[in-house]
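The structure appears right after this line, and notes come after that.
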Amino acid sequence: MRFLVSLALSVVLGSNYVPVKRFEMGDGVFFQWILCITVWMCGAILQLAVGVSPFVPLAATGGMAWSMGNLCVVLILRTIGLAQGMLIWGTANMIMGWGAARFGFFGITPELPQSQLLQYLGVAMAALSALSINEDADVAALSPPTHQTHMMDTDTMAWCDRLSDHTRRAMGLFLSIFSGIMYSFAFDPAQSYMDRTLGASQQAFHYVFSQFSGILMGSTLWFVIYSLATRSRPNVSPEVILPSMASGVMWAIAQTCFMVANQHLSQAIAYPIITAVPGTIGALWGVLVFKEIRGLRNMLVLTLAFAITFTSVALTAMANGA
């Protein structure tokens with residue numbers, strides 16, 4: 001049952017950026033700020049529902065790291081697209097998050113699976129699935145938004161759109177890897193606090209509000225810096241608010257359940273599952289809805305990547321007898 005819940009969460013995580021894909025997001029800074037405000041509001045509701053939990057500054061640092069990764073999302077969507085972006089940042093997230101749990105990085109207690117061989121094979125195959133599509137996919141990264149905003153300056157993102165295909169792709173790959181690393185760090189401070197602090201609560205949802213507060217603090221800091229850099233003329237459009245809020249609600253629900261899944265399924269097992277599968281879901285959205293990947297050969301490569309991903313999930317589950 002825990003394994004199936006993890007797969008269900010992966011579907012939500014793989015779909016949470018879909019609401020913003022059809023809107024012109026500009027440079028993405030305003031989008032990430034609204035998304036993070038919504039995430040914090042969901043955390044506040046959970047805080048009231050489960051009882052007030054003490055604020056843990058260490059857990060908040062994980063949220064600030066996550067906000068740095070989220071800051072890059074719109075640029076990633078514009079340069080290499082939803083399909084490749086999610087596969088690549090999911091792979092970087094998986095390797096770093098799994099490694100921290102497996103080998104005890106950042107003060108986390110190491111977790112040993114029942115079968116180390118199966119787990120290593122599962123992680124390696126998950127990485128291979130992302131590398132295969134990254135190598136061969138022909139991507140139409142920026143599909144035309146369905147809703148164009150009227151307040152948006154058409155030259156706002158010209159610096160990105162005028163880049164050569166090679167440069168845009170290189171930037172998208174770099175930002176995706178950077179985002180994945182930042183995302184992977186989001187859980188580590190709270191887990192380290194649980195493992196190392198005497199008397200610390202072992203209930204993961206007690207740290208959700210602290211992490212979400214860090215997300216809000218980080219995103220607000222980036223927005224303030226951005227506003228100062230643009231001389232108080234940030235790229236803001238009210239038309240992106242609702243889709244940004246929808247993405248925030250989806251992510252907050254999935255992230256909360258993800259933290260609980262890490263606790264009950266173990267991070268070394270849950271991480272490869274919940275970070276590899278969303279990339280596959282995102283790729284499906286990119287192919288079936290946004291037409292980002294085209295051509296028979298590329299579709300065959302994508303199908304192979306899907307098969308490798310689900311094989312890796314099965315191996316990872318069997319590694320711990322799930």
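Cβ atoms here come from the backbone N, Cα and C positions, even for glycine.
Residues 20, 67, 70-71, 73-74, 205-206, 208-209, 211-213, 215-216, 218-220, 222-223, 234-237, 240-241, 244-245, 247-249, 251-253, 255-256 of the same chain, all 6+ positions outside the transmembrane segment (30-51), place their C-beta atoms under 8 angstroms from a C-beta of that stretch. Under the heading transmembrane segment, TrEMBL lists 30-51 (among others).
Feature annotation from TrEMBL assigns transmembrane segment to 58-80 (among others).
As annotated by TrEMBL, transmembrane segment applies to 170-187 (among others).
What TrEMBL lists as transmembrane segment is 207-228 (among others). Taking Cβ pairs closer than 8 Å, the transmembrane segment (207-228) reaches residues 27, 29-30, 32-33, 35-37, 39-40, 42-44, 46-47, 53, 55-57, 59-68, 70-71, 186, 190, 193-194, 201, 234, 252, 255-256, 259 in its own chain, all 6 or more past its ends.
The feature transmembrane segment is assigned by TrEMBL to 240-262 (among others).
According to TrEMBL, the feature transmembrane segment maps to 268-288 (among others).
The transmembrane segment feature in TrEMBL is assigned to 300-319 (among others).
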Residue numbers, six or more beyond the limits of the transmembrane segment (240-262), whose CB comes under 8 Å of its CB atoms: 2, 5-6, 9, 12-13, 15-17, 19-20, 22-26, 30-32, 34-39, 42-43, 46, 149, 187, 190-191, 204-205, 207-208, 211-212, 270-271, 274
